[in-house]
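Quick notes on the structure that follows.
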Amino acid sequence: MAIYSILIHPDPRLRLPAQPVTHFDDALAEIVQNMYETMYHFHGIGLAAPQVNIQQRLIVMDVPQRSAEEGEKAEQIPSDKLVLVNPEIVQRSEECQDYEEGCLSLPNQYALVTRPANITVRYQDITGATQERAAQGLLSVCIQHEIDHLNGGLFIDHLSRLKRERLEKKLAKSLKNTKKS
């Protein structure tokens, strides 16, 4: 197993659209395992292949589920570990939700992003079998966020120009200070 390097914005490779996966073999399984290792190493809940300079339509996720009962403290329950190959959103709700998003490619930068609250995603699993799944809450946000990466997008693309530029300046300053250390 290997831990990949994460591409950091404004690396232009993050803006390249990924190509469909066509081979469902041991090499793909190894990439998936390495992506999980990388995601866990950097404390992420989702990782798209383009973030590790693999230009394929491939996502790994391990999204914590929480109890939806109101008035109670959200209880941690088993996570939703998913591999999505060649995913596409086939249905979006009109209802939207705001969620504070972060990204391994924009370290320590967060912003409130509005996205459809509920989606249905069609994808292939690691064997190439077509699957379809409904998602809501954090899982819905994570799927949409990672699919943005496959299309050459970032969560900051959903922000106003002013908020995006402010966040990019904070990131540049943070990276500059990290290099000095």
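Cβ coordinates come from backbone N, Cα and C, glycine included.
Keep in mind it's a predicted model, so treat the numbers as computed, not measured.
The following features are taken from Swiss-Prot:
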- GLU146: active site (ACT_SITE)
- CYS103, HIS145, HIS149: Fe cation binding site (BINDING)
Taking 8 Å from the centroid of the Cβ atoms of CYS103, HIS145, HIS149 as the cut-off, which other residues in that chain fall inside it around the Fe cation site?
GLY46, ALA48, GLN51, GLU101, LEU104, SER105, GLU146, ASP148, GLY153, LEU154, PHE155
For CYS103 (Fe cation binding site) and the residue listed as 'active site', what Cα-Cα distance in Å is obtained after rounding to a whole number?
9
10 Å Cβ neighbour count around CYS103 (Fe cation binding site)?
26
